[in-house]
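Peer 1: Got a structure here, written out as structure tokens. Questions coming.
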Amino acid sequence: MPELPEVETTLRGLSPHLVGQRIHGVILRRPDLRWPIPEQIERLLPGATITNVRRRAKYLLIDTDAGGSALLHLGMSGSLRVLPGDTLPRAHDHVDISLQNGRVLRFNDPRRFGCLLWQSDIQAHELLAALGPEPLSEAFTGDYLHALAYGRRAPVKTFLMDQAVVVGVGNIYAAESLHCAGISPLREAGKVSLDRYRRLAAAVKDILSYAIRRGGTTLRDFISPDGAPGYFEQELTVYGREGEPCKQCGRVLKHAMIGQRATVWCGSCQR
């Protein structure tokens, strides 16, 4: 599933091609993705101008002058690309938003776990209202994590992946950040010290920022809007490396399921 760096990479690739463009038309090749596509998409988008494209957590928000915003999620396998308007659709190209400049924003989603929704007051949308802070914002600190973790017995990895705690830190980057900070993913969230949470918050920021610069992580499905893969996969220290040696100490990496997610860590470097 695309995580925050992949969605941010998509945003940065799309934004220059979309902001200021007038929408010519919308083609829906199916009426639903994960949820039904609301009728406002076909009714309100044609003729509207895109005023901004931004990200909240793993959602892309396309603001318009039509009194609302389109909310998109890439799901497990979705991708968004801006293409010449005469590009023939392929399998799983479910949505086309054609632009006045002759190009088309195309949403491809083989597994249909993505979504395309509409909201007049986008920050009030139920998918966004209860989200925690952005991990790259000033609000996300070790002190914040330590205070919120007080008394919690869930594993720290589960805590870090809770979208009400902090948004956009999925399985890949939670595992990598915990390894960087030297914290076992099995440790109870409420038993991690303030100093270690400060190291963890710094690790999350550093790793996400670096992953964005590297274009995200290509694991099976993610391709950036220009068709290029993400290169952070080449930098992974623990994720997907069960049974291999730790890059820091050489010990064999451990593997377990935590919160129904495959988790890899170093029993020597992470305590």
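Every residue, even glycine, has its Cβ placed from backbone N, Cα and C.
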Peer 1: Which one of ARG56, ARG81, ARG111 goes with HIS92, ARG152 at the DNA site, as Swiss-Prot has it?
Peer 2: ARG111
Peer 1: Return the member of PRO2, GLU3, LYS58, ARG261 nearest to ARG152 (DNA binding site) in space, with distance defined Cα to Cα and candidates limited to these active-site residues.
Peer 2: ARG261
Peer 1: Would you kindly give the Cα-Cα distance separating LYS58 (active site, proton donor) and GLU3 (active site, proton donor), rounded to the nearest Å?
Peer 2: 6
Peer 1: Just how many other Cβ atoms lie inside 10 Å of the Cβ on ARG152 (DNA binding site)?
Peer 2: 17
Peer 1: So among the recorded positions PRO2, GLU3, HIS92, ARG111, ARG261, who's got the most Cβ atoms within 10 Å?
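Peer 2: That would be PRO2, with the most Cβ atoms nearby.
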